[in-house]
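Database features (Swiss-Prot):
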type	residues	note
BINDING	Gly72, 75-76, Thr80, 82-85, 99-107, Ser111	5-phospho-alpha-D-ribose 1-diphosphate binding site
BINDING	Gly72, Asn102	anthranilate 1 binding site
BINDING	Ser84, Glu217	Mg(2+) 1 binding site
BINDING	Arg157	anthranilate 2 binding site
BINDING	Asp216, Glu217	Mg(2+) 2 binding site
Amino acid sequence: MLNKLIERENLSFEESYELFNVLLNESEMRIAAYLVALQTKGLTADEIAGFAKAMRDNAVKIDLGDVTDTCGTGGDGSKTINVSTAVSIILACFTKVAKHGNVSITSNSGSANVYKALGCKIPETPDDAKKSMDKTNFAFLFAQKYHPALKKIMPVRNELKVKTIFNILGPLANPANPKYQILGVNSSELCDNVAIALSKVGGIKKALVVYGNGLDELTPNGTSKITEYDGKFDTYEVTPKDFGLDYSKIIPCESPDESAKRLIDVFSGKINEDRNFILMNAAAALYTSEIASDFLDGVEIAKEAIESGKVLKKLEEIRNV
């Protein structure tokens, strides 16, 4: 398959699935060659899907029922609060959330970093995650604990210091096999391919793949692109006005501790730019999970959860597991 990639020929879903498993037993040099050849050629939906399905199949198994995930690829280089973590806690007030996350690679506040800064403990085992889900409607699945098969591949990826397919696989490889997912990507071109890949991996009833003017989130200060999947595909653009919100600035964030403090400020009812950023993305997640009928409804549901104290109470439940 390496020669095929060098000739810039695309792999099928089945070939991509096979290649992932081949890489688990290859030398570091050949792993690097495959990853660079694949990236140089350009990734297709079938290749992303084949790798993602193989990554899920090699993951530590966990069954949490019908869950939603809120996760982004990262890699946008932005210094923002961790919106997906805030959204996941709001969402857990209404439905089961399996948040697949990791430590930061390119940002100042990866989801695992912020989760810990919020005073929450990362479940050590699948049984611990199930206990958390049963008690709180929420489980944090720390990626490093669920993908031991990548132990040989990740040092090569890190040493290469260039983008590879693994930069976008994390959100597609949630071992809980989410039924609903809002997934942020770091380039507009990825929206359609990642949505198609999600549909091919299987198990998804509804998903939104979003890109927000340089962010792997919906942006509160401009136009965002969404590719929606619910058995069919639909691509469209939105602005804060579609959510009944004003445009607002994105305030830089310098650390996980700062991100956690600012999330708690919003959960406590503080009205500021962060609130709009979080409400917009929470509304999209509530719509994705079929809790809200549309984005406007999602904003109202999220506002009520914050203003009534439900979200702060949910955070306290998660802290106390």
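A Cβ is built for glycine as well, from the same backbone N, Cα and C atoms used for every other residue.
Because the structure is a prediction, the values reported are computed rather than measured.
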Cα-Cα, Asp216 (Mg(2+) 2 binding site) versus Val103 (5-phospho-alpha-D-ribose 1-diphosphate binding site), nearest Å, comes out at 16
If you compare CA-to-CA distances from Gly72 (5-phospho-alpha-D-ribose 1-diphosphate binding site) to each of the binding-site residues Asn102, Arg157, Glu217, which comes out shortest? Glu217
Whole-number Å only: compute the distance from the Cα of Val103 (5-phospho-alpha-D-ribose 1-diphosphate binding site) to the Cα of Arg157 (anthranilate 2 binding site). 16
What three-state class does DSSP give Ser84 (5-phospho-alpha-D-ribose 1-diphosphate binding site)? helix
In three-state DSSP terms, the structure that Gly72 (5-phospho-alpha-D-ribose 1-diphosphate binding site) belongs to: strand
At the level of the C-alpha atoms, what whole-angstrom distance separates Asn102 (anthranilate 1 binding site) and Ser84 (5-phospho-alpha-D-ribose 1-diphosphate binding site)? 12
Cβ neighbours within 10 Å, counted over all protein chains: which one of the binding-site residues Thr80, Ser84, Asn102 has the most? Ser84
Whole-number answer please: how many Å between the C-alpha atoms of Glu217 (Mg(2+) 1 binding site) and Ser84 (5-phospho-alpha-D-ribose 1-diphosphate binding site)? 8
Going by DSSP, give the three-state secondary structure for Asp216 (Mg(2+) 2 binding site). coil
